[in-house]
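Asks: Okay, handing you the structure first.
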Amino acid sequence: MTKQAEETQKPIIFAPETYQYDKFTLNEKQLTDDPIDLFTKWFNEAKEDPRETLPEAITFSSAELPSGRVSSRILLFKELDHRGFTIYSNWGTSRKAHDIATNPNAAIVFFWKDLQRQVRVEGITEHVNRETSERYFKTRPRGSKIGAWASRQSDVIKNREELDELTQKNTERFKDAEDIPCPDYWGGLRIVPLEIEFWQGRPSRLHDRFVYRRKTENDPWKVVRLAP
């Protein structure tokens, strides 16, 4: 069968357009001078919505150079300040660590289904200082701290038993430790935004979209409306 013929075959999965976005609108009067302020408002509204069970979930996308291959994964956003959005992870062995080491550009997306809203952020990444990483690490459950030591994230392992054995070894290693230290390869990464888009779903896919842009962190924000 030719490639063209394959493309005309019935798809394995077909998702017809049935869902309508019809709850809210977004217009110029609702915008703020600083997009961080509008994001904070939207995020707090998502937190207060009982149907948004994990408002801090994000899609984090990075790209390795020189290949340009993009990788994405779901992570949990942890901190926000006026410089940017911070996540925490293994920066020694993970796929995203390799990507960021070759290309500091990254993007994150928040999607709140019940509120029919999406926020897309593009920017430059930077590692937070050690003090900040250790401060956050102390708030993690003990099991998660041990897990950070046990797992060389994204390395190939033989089976689940290997991971369980490493976890047990580190559980024994730190059994007398009141405070488990933060590994030197583990810490925070801040995405300093250069572009933040606010998307509000509207009927017939005629969504409201506004994007804030700046060339560098020190430049003022400019905002424009985009066609849906």
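Glycine too: its Cβ is placed from the backbone N, Cα and C atoms.
Sharing the record's features from Swiss-Prot:
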BINDING   Gln20, Tyr21, Asp22, Lys23, Lys78, Tyr136, Arg140, Ser144, Arg205, Leu206, His207  pyridoxal 5'-phosphate binding site
CROSSLNK  Lys29  ubiquitin cross-link
BINDING   Arg73, Ile74, Leu75, Leu76, Tyr88, Ser89, Arg95, Lys96, Gln118, Gln153, Ser154, Trp199, Arg209  FMN binding site
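Describe each of these features in terms of where it is and what it packs against.
Replies: Residues within less than 8 Å, Cβ to Cβ, of Asp22 (pyridoxal 5'-phosphate binding site) and separated from it by at least 6 positions along the same chain comprise Gln116, Gly201, Arg202, Pro203. Asp22 (pyridoxal 5'-phosphate binding site) falls outside any helix or strand according to DSSP and counts as coil.
In the three-state DSSP assignment, the secondary structure recorded for Lys29 (ubiquitin cross-link) is helix. Around Lys29 (ubiquitin cross-link), taking its Cβ as the centre, 5 other Cβ atoms fall within 10 Å, counting all chains.
DSSP classifies Leu75 (FMN binding site) as strand under the three-state reduction. Its Cβ placed at the centre, Leu75 (FMN binding site) has 17 other Cβ atoms within 10 Å.
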Asks: Other than its own, how many Cβ atoms are within 10 Å of the Cβ belonging to Gln20 (pyridoxal 5'-phosphate binding site)?
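Replies: Gln20 (pyridoxal 5'-phosphate binding site) is surrounded by 12 other Cβ atoms within 10 Å.
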Asks: Of Gln20, Arg140, Arg205, His207, which is closest to Leu75 (FMN binding site) if I measure between C-alpha atoms? They're all binding-site residues.
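Replies: That would be Arg140, the closest of Gln20, Arg140, Arg205, His207 to Leu75 (FMN binding site).
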Asks: State the Cα to Cα distance, in Å, between Arg209 (FMN binding site) and Lys78 (pyridoxal 5'-phosphate binding site), rounded to an integer.
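Replies: Distance (Cα to Cα, whole Å): 25 Å.
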Asks: In terms of Cα spacing, which of the binding-site residues Gln20, Arg205, His207 are within 10 angstroms of Tyr88 (FMN binding site)?
Replies: none
Asks: Where does Ser154 (FMN binding site) sit by DSSP, helix, strand or coil?
Replies: coil
Asks: Cα-Cα separation of His207 (pyridoxal 5'-phosphate binding site) and Lys29 (ubiquitin cross-link), in Å?
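Replies: About 16 Å separates the two Cα atoms.
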